[in-house]
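This structure is in structure tokens; I'll ask about it shortly.
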Amino acid sequence: ISYFACKFCQQLKTMICCSLYFERHLISERMEKANESSPIGFVLLGFSDHPHLEAVLFVFVLLFYLLTLVGNITIIIISYLDPPLHTPMYFFLGNLSFLDICFTTSLAPQTLVNLRGPEKTITYGGCVVQLYISLALGSTECILLVVMALDRYVAVCKPLHYVVIMNPRLCQQLAFISWLSGLANSLIHATFTLQLPFCGNHRLDHFICEVPALLKLACVDTTINELVLFVVSILFLLIPPALILISYGFITQAVLRLKSVEARRKAFSTCSSHLTVVIIFYGTIIYMYLQPSNSYAQDQGKFISLFYTMVTPTLNPIIYTLRNKDVKDALKKLLTGKLCFLQ
């Protein structure tokens, strides 16, 4: 009995040792995989190379974030409450304003915390959420700006058929396509990026979670991801501004046929304002996503990316409603309390 008891104890001891070994090995493998997928989060280096600028940048981001909220919320309110603004242009502008509010809100709070806080970190889950949301909204804006340029083209070049062409159903379909294309791009592109192993690399050289910065952390060949990035850049960053420029080319031809010098001046002023926003938005994103890989360009890119993340959402409501009598009248009604909810 004692012999079998000893044998049993030895076997039990061996089994326990083997079990502990495999358990330790399994934990080690899981930790390795955990390190590869970076679940503990990232250190956002951001502007840590320029600590003397962080206080200035904090004020800059906070100011533009507040202006974005005030300006875009105002546009949404007056577009909804004032009947003269129930037009395709303000329907799309309301979509753009809502989009800009969500876009900046997905980025600005975390940026403000990191600019002022001692720990410049973001959790892995926070990074995933930020990447999906900002990529979806940014892609949607790329398409929505084309739709708005199309609306202006029809209004100026085909004024007699404007109401028939830009009917409510078509407007809703165009807005839906814009949002759907942005969501699809985010699901595909962000998922491709987040599947890459980072092998414990947690130091993200940016102030937000963005695809180019995450690709630089990957410890495997990213050729396929870079190819996807290139294709997406063509679809969302090169074709849309080309279509916008073509539409404004036709608009310019139509404006030149106007007999009134004052009308031509106002039209050119409005078109130039719109094109300024388009150039700032697309130009800065194109530079960020298609920039060279040297360190100077990366450092410069962080400052340039502030324009499409913070500045453009502030400019949109100002530029697209500049010198607009209907908007001024709606604002006066809003300020004097004469603008009431529709029954």
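Cβ atoms are placed via backbone N, Cα and C, with glycine included.
Quick paste of what TrEMBL says about this protein:
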- 55-78: transmembrane segment (TRANSMEM)
- 71-320: domain 'G-protein coupled receptors family 1 profile' (DOMAIN)
- 90-109: transmembrane segment (TRANSMEM)
- 129-150: transmembrane segment (TRANSMEM)
- 170-188: transmembrane segment (TRANSMEM)
- 227-251: transmembrane segment (TRANSMEM)
- 272-290: transmembrane segment (TRANSMEM)
- 302-322: transmembrane segment (TRANSMEM)
Please determine whether the transmembrane segment (227-251) and the transmembrane segment (129-150) are in contact (criterion: at least three Cβ-Cβ distances under 8 Å, sequence separation 6 or more).
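They do touch: at least three Cβ pairs between the two stretches lie under 8 Å.
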Taking the transmembrane segment (272-290) as the first stretch and the transmembrane segment (170-188) as the second, find out whether 3 or more Cβ pairs fall under 8 Å, excluding pairs closer than 6 in sequence.
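Result for the transmembrane segment (272-290) with the transmembrane segment (170-188) is no.
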Looking only at residues six or more beyond either end of the transmembrane segment (129-150), which have a C-beta under 8 A from one in the stretch?
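The answer is 89, 92-93, 95-96, 99-100, 102-103, 106-107, 110, 122, 174-175, 177-179, 181-183, 185-187, 189-190, 193-194, 208-211, 214, 236-237, 240, 243-244, 247-248, 274, 278, 281-282, 285, 308, 320.
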Cβ under 8 Å, sequence separation of at least 6 from the ends of the transmembrane segment (90-109): give me the contacting residues as numbers and ranges.
61-62, 64-65, 68-69, 71-73, 75-76, 79-80, 129-130, 133-134, 137-138, 140-141, 144-145, 147-148, 151, 171, 174-175, 178-179, 208, 309-310, 312-313, 316-317, 320-321
Which residues of the same chain, at least 6 past either end of the transmembrane segment (302-322), have a Cβ under 8 Å from a Cβ in it?
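Same-chain contacts beyond the ends: 46-47, 57, 60-61, 64-65, 67-68, 71-72, 74-75, 93, 96-97, 100-101, 103-104, 107-108, 138, 148, 205-208, 210, 270, 273-274, 276-277, 280-281, 284-285, 287-288.
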